[in-house]
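Residues or ranges marked as ATP binding site by Swiss-Prot on the basis of sequence analysis: Pro82, Leu83, Thr84, Arg85, Gly86, Leu87, Gly88, Ser89, Ser90, Ala91, Ser92.
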Amino acid sequence: MIPFKIRVPASTANIGPGFDSVGMALSLYLEVIVKEEVPHWYVIHPFDQSVPNDDSNLIISTALQVCPSLPSHIIEVISNIPLTRGLGSSASAIVAGIELANQLGALHLTTDEKIHLATKFEGHPDNVAASILGGTVIGAIDEGHVSVVRIESKELGVISVIPDEELNTNESRFVLPETFSFHHAVRASSISNVLVAALCEKKWEIVGEMMERDLFHEPYRSQLVPLLPSVREYAKRFGAYGTALSGAGPSLFILTPYENRQEIAEQLMKVFPKIEVCELEIDYEGVVVNMDISVNR
């Protein structure tokens, strides 16, 4: 069984008004190579010292919450998901930890059980369900019960605009109001409802319109991401359907016609030459375990 590899896609959440509910898996990946058993957990990773390399690492701590009796191993982490940029890096780590426990502990978890555990650890299903299932997901958690629906959106292209600066999710949540008026909540939820219906019916122009009319979080978080209005304006000018914060930000998420994604990305690169612009795919595989690998390290 050893070694084996777990691959988990990145994700974007909200897609505008689908706050803490709508997520989409993206073609950036966290890979975890599980190596030999050792007396103590050890994580080889490419990040700075703020990311632990022992059992306090989020991947390992998640695995141990799922199965406390797991034997310790060396694991190597390879990732091109930027940290604290709104692209689901923590959700990917949580999903990897659950799959690590599932494989090493021979738990035979169902997909629904993985989603339930991941939502329990993350607090909301959007990112984690997307990383587990792939594709686009709409999820809800109510009194501990998690419901998720997966859809495919293969006509869509995705562009991510990734600023250099980090934005901690807790900081981004701090600017949100604790309550809304009834009238505000009705307006906000109606926009979210139309977004979801348009995603299901593949009404992409309506998706783009709704993702730019959010009332749940973007009006408050946009002050932390001053790049949003100008990127939104240019993306629309170049033919994109719509632009929104990716999760809590600071990255921006742009939906385009699939066949035009490269051209739109290239035009944005010319306008914003100092900012990373990534042409991505929607990932449709979700978490994948590969037992047929060799490790020469």
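Cβ from N, Cα, C; glycine included.
Other residues of the same chain near the ATP site, with their Cβ within 8 Å of the Cβ centroid of Pro82, Leu83, Thr84, Arg85, Gly86, Leu87, Gly88, Ser89, Ser90, Ala91, Ser92, are Ala10, Ile81, Gly247. Counting every protein chain shown, 19 other Cβ atoms lie within 10 Å of the Cβ of Thr84 (ATP binding site). The binding-site residues examined here are Pro82, Gly86, Gly88; by Cβ neighbour count within 10 Å, the least packed of them is Pro82.
Around Ser90 (ATP binding site), a 10 Å sphere centred on its CB holds 19 further CB atoms from the protein chains shown. The C-beta environment of Ser92 (ATP binding site), restricted to residues of the same chain at least 6 apart in sequence and closer than 8 Å, consists of Val8, Pro9, Ala10, Ser11, Leu30, Ser79, Ile81, Asn127, Ser131.
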